[in-house]
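As given in Swiss-Prot:
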type	residues	note
SIGNAL	1-20	signal peptide
DISULFID	CYS53-CYS66	disulfide bond
DISULFID	CYS54-CYS62	disulfide bond
DISULFID	CYS58-CYS65	disulfide bond
MOD_RES	PRO64	4-hydroxyproline
Amino acid sequence: MMSKLGVLLTICLLLFPLTAVRLDGDQHTDRPADRMQDIATEQHPLFDPVKRCCDWPCTIGCVPCCLP
């Protein structure tokens, strides 16, 4: 019985090696500074920092819009 379990375990490890599983150390690091380069709403000339939105329509590229 034990030899059958050993053979089954060996086959499973050969088919699905532990290196195929992504561990936490293999994950990409989160880089908030890189993400902020794509989002430039705060630097938009029509952005109102008090309201935290734009008074103009969203079609001009400033989001979030104050107007519906």
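Heads up, the Cβ atoms here are built off N, Cα and C, so glycines get one too.
Quick caveat, the model's predicted, so the values are computed rather than measured.
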Legend entry - Among CYS54, CYS65, CYS66, the most crowded of the disulfide-bonded residues [Cβ within 10 Å]: CYS54
Inset, instruction - Look up CYS66 (disulfide bond) in the DSSP assignment and reduce it to helix, strand or coil. - result: coil
